[in-house]
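**Q** Sharing the feature lines straight out of TrEMBL:
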BINDING   Cys92, His134, His138  Fe cation binding site
ACT_SITE  Glu135  active site
Amino acid sequence: MTPLPIVQHPDERLRRKATDLPLQRLADHEFQKFLDRMIETMFAAEGVGLAANQVGEPWNLAVVSTKDGPLVLINPKIIRRSLRKETSEEGCLSVPGVWGEVSRSILVKVTAYDRQEHKIDINAEGLFARIIQHEIDHLNGILIIDKAKNVREAGREKNNDL
Ligand code: ZN
């Protein structure tokens with residue numbers, strides 16, 4: 001499989017709010033192949049997360065890299081977030097070469113479906129929580145350049161774009 005092209009800012013598809021995926025689509029073999037391609041695209045780009053609109057699809061879903069392997073989040077929703085926040089530098093595969101400090105909740109509780117249509121509850125913290133918040137921002141049409149401080153442009157010397 002070849003990686004999918006990644007949509008780059010200022011493409012307006014990055015500004016659209018995602019549409020919830022009808023879960024019956026997950027029974028479609030072609031759709032499962034698309035999810036595999038999203039994962040492959042994330043790894044090929046050396047990213048740690050990728051939202052569907054970053055590959056030009058309107059669906060409310062994202063893939064994230066975890067220490068236990070890639071995780072597909074279908075129709076994810078943050079149902080609780082800690083008031084305590086932490087600021088850290090982030091990059092984005094759709095805004096290459098730009099870095100900025102983004103404040104995020106340290107802990108988030110998320111509900112979603114996995115690719116087998118099982119409902120999942122996730123208690124994420126630290127970098128995992130940051131990645132999920134970054135991807136859910138994408139699914140709401142929000143980019144790091146909307147909220148980052150101390151934005152700098154640089155070469156792609158780091159490999160943890162989201
Ligand atoms: Zn991003």
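Placed from the backbone N, Cα and C atoms, the Cβ positions cover glycine too.
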**Q** Compute the centroid of the Cβ atoms of Cys92, His134, His138, then list the same-chain residues not in that set whose Cβ lies within 8 Å of it, in sequence order, for the Fe cation site.
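**A** What remains near the Cβ centre is Gly49, Ala51, Gln54, Glu90, Leu93, Ser94, Glu135, Asp137, Ile142, Leu143, Ile144, Leu162.
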**Q** In sequence order, what residues of the same chain, 6+ apart, have a Cβ less than 8 Å from the Cβ of His138 (Fe cation binding site)?
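**A** Looking at Cβ-Cβ distances below 8 Å from His138 (Fe cation binding site), excluding near sequence neighbours, one finds Leu14, Ala51, Asn53, Gln54, Ala62, Ser94.
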**Q** Tell me, by DSSP, whether His134 (Fe cation binding site) is helix, strand or coil?
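**A** It is helical.
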**Q** Between Glu135 (active site) and Cys92 (Fe cation binding site), how many Å separate their Cα atoms?
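**A** So the alpha carbons of Glu135 (active site) and Cys92 (Fe cation binding site) sit roughly 10 Å from each other.
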